[in-house]
Every structure is written in C-alpha cells, then in structure tokens.
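Residues or ranges marked as domain 'NYN' in TrEMBL: 14-112, 250-383. Taken from TrEMBL, the feature compositional bias 'Basic and acidic residues' covers 429-440. Annotation source TrEMBL lists region 'Disordered' at 429-468. Under the heading compositional bias 'Acidic residues', TrEMBL lists 441-456.
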Amino acid sequence: MDNYKAAPKYANAKTAVWWDMNSCPVPEGYNAGWVRPSIEGALKELGYYGPVTITAMGDLNEAHPHFLQRLSSTEIVVQHAITAWLDTLVFSDLMEFKRNNPPPATIMLISDRLEGELGFPLGWNKQIQSGYNLVLASLCGGSLSRLHHTANWRRKILLEAAADSVSQETTTTSYVLRKCSSSGDSSTLSSFVCRACKFTGLSVASFTSHLSTEEHKKTVSSPSSLSSLSASCMKYIMNDQAVPEYVNSKTAVWWDMDTCPLPHGYDARRVRPSIEGALKDLGYYGPVTINVMGNLENAHPHVLQGLSSTGILVQHTTRVTLYISHDLLKFKRNNPPPATIMFISDRVEPVLSLVLSLDQQRRYYNLVLARTFTPPSMSRLCHTSEWLWQTLLARSPETTSCVLRNSASSFRCGSYNFTGLSVTDFTRHFSSEKHKKQEPEDSDEGEDSDSDNDEESMAKASFNCDAS
C-alpha cells in the first residue's frame, strides 16, 4: 500500500513505537545506534515531527550487551519479555498509553506477527484505534493487514533507507547518551526493564546480570507469573459501546452451563435481566434470545423452571460445543448480519477461536464473551466486550418480576430430540429408557478424539460455509 502523509492533527503529536525484536530483529552487523534515527527519519519523511518514544521488547537472554547499550544510548527503552507474553504486554501498554495520552497521537507497531497473534486483540478493538493513527512495519511490509493503518514499511527499507543519511559520526555524537544532554530529570524511565520480574535499571551490566540470576529463572518458569500478568492486563480492557448497526439488531446468546454454572442459591429468573442489562449498558437494545446448554440430568427442577419462565430455551446435551456450533450454523443461515453473538463459556477458546475469528468478522457478526476466569493470554477471538460471569450475574436485583414468555418449546433434549413445555415432562424424560438408550457415552469433558474432530468440523462449517 501507499504510505500516506501525516494528517495535520498528527504532524506534531506524539508517536509511541512498540518494537517486537523477536519477529523483527535488526540485521546481523547492523549498528543498533541507527535504529532510532532510522525510525524518526522514516516518520519525518511522512510529516510526523512530534516526540517519539520507542520500546523494544523481546527475549533478550542471548542479546549482546554492546547491542543493548547502543539501543539504550538513544533512549530506546529495552524490555525483556517471554515470547508467549508479548501480545498481552503490548496490548496492556497500548491501553495504558491511551489512558495517559488522549488523541491525537500515532501508534507504531514493528512486528512480523501483525497478521497473527498480535493482530487478533488489536484488529477490532476500537479502544486502540479510535482517534489514534496507526503505522506499521514488518519483515515484508505492505501486507493487507486487517489493522486499519496509514503507512506500512518493510523492515529493511525502514532501517536502511534512513540509515544511509545517518553517518557513524552522527550516531556517536548526536544520538549517544541523549539522556546526559537532556534536562537532567532523574525521573526518566529506566532504560532496562524485565517484564517478568519487574526489574528496572539504568545499567546494561545490572540488566544482563539480573537475567542470569536464579530468582529471574524461577519467576519466569512459575505459572503464577502468567496469571498475574493476565490479571493486570485485564484491568485495561474496557468494553466497547455498540456501533450503530448493532444497536437495534438481534443478539443471540449461547450459555454453556457446564463450565459457567449458577452460584448455589442464585435465583435463575435473574439470569435474563442480568444479561440484557449488561448488553443495554453498552447500547445493545435489540431482541435477545438465550440458549442454555449442558448436562442437566441433575439440575434442580426449580432452576430449570426459573430459566424457562423468562424465555430461555433449556437444552440438555453432553456435547455442548458441538451443539453450539450446530446452532451457529442455523443462526447464520436465518439471520444475516448485522447481529451480535454472545458466548458464555470457558470452552470458547479451544473450540471456536482461530477457526471462527476472521470469517466471523468478515461477515459482520459482532462477538461478546463471558467466562468465569481471566484468560492467560490475549484471546484469538476478535470480540468487542467481555465480562466475568460472576460479575455479570451480580448486576440484577435480588428479586425481579418475571413474565412467562411464549415459546414453541421451552425444553429440549439433544440426545433423543425430545421437546416440551413442561419441566415435569422434561425431568421425567431423563429417567425414561428411550433417553438412557440414546444418551451418548462421550462428552465434551472426555478425551475421545472423534468427538473433538466432530466439534472442530462443525465449528468450521458454522462460519466458513456461505449461508445459502
């Protein structure tokens, strides 16, 4: 694509650069002191003259101290991060940047993972791009990134074109130790940071020494470190308001009751008003259908009746993800976009993630999620909102008026194709010989590979085939 000149409002605004050194390393033998002037030179050629901050992130265990020192000497903040954490760290940094720097501002991402891991949490997150200009750089450059951007450089061109005009003498005078010639503010951000241990320092010697300590190695290998990272990141994830085309469109909810059960003693009649209230807070005012699925053989009849009384379709199945995928296929055929899809499940990621994400967004279905835990890494699904299930349920009042809603069938059994309006008939069906004979032995919780393949195939079909 063409690189566009900076719009007037961005010409003198701040530019914040995040550089993924794992996927976009500097060429062998390249003078690390040229990185900043090369980036700034490329930006100035397009009319960006504002202050530039650069954060370089990657696994730096094997990085040469001289290389790290040259980066730091030009006021690039050098951060050690485990590869698996980069997406989450960049996302949380972007949210923190947005909180402290209202638009206009420019964000620059240098990474070769913009079409994959890094692109997923950013692609449809309006919090990142609303009012902010985005420019990119990658090994190949010029790709049809799903991120809306105004410039895209190849790494080679970015680093070498501007470097041609940056002599060795310039690098070693104007750019070396810029902090020393600045205002002398001692509050300047640390030059070296370990995002795993929260180590900060100004010396490359202390930084490399830290990376070799047993304390660092122990922290990196601890599962609790990733959980803590994810929890700190989630506080920056704010739910997007509904865009105009989804405000009055239909919302279809699929609730996996096996992984997201109701708390003991919770009034089941509060579920619908809790879900609808959360949606309305974000501007979704269209009709809402709710389907609850799970192994309901031991569910209390009072809970089932409470759910059904508010118009929630209650479905028994031991293969929830397969039936959700099947329902999605039917929903797409009968409900062209725009429409919103809501998943309430702790099993969304392994079954319905990468397979669905890109095609789902191309067809303009909006996605929102709820689950019982904070995920350990950024979701592959491009969703606009996410709640903790416990928090969502707590939003409705303790008592709520309930109106019985008409339904063709309030209760269904996926094992025997049973349908009915009465909770008594539904629970009685579970004890019948017909049900016991038809109930599948495998379930979502089992390790049957055929079941997993069936579910993945159905998931692919639900979004990859055209509605016809």
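Positions of Cβ are set from backbone N, Cα and C atoms, glycine also.
Fair warning: this is a prediction, and the values are worked out from it, not measured in the lab.
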Which value does the mean pLDDT take for the domain 'NYN' (250-383) in this predicted structure?
85
For the domain 'NYN' (14-112), residues assigned helix / strand / coil by DSSP:
41 helix, 24 strand, 34 coil
Could you tell me how many residues in the domain 'NYN' (250-383) are helical, how many are strand and how many are coil under DSSP?
52 helix, 30 strand, 52 coil
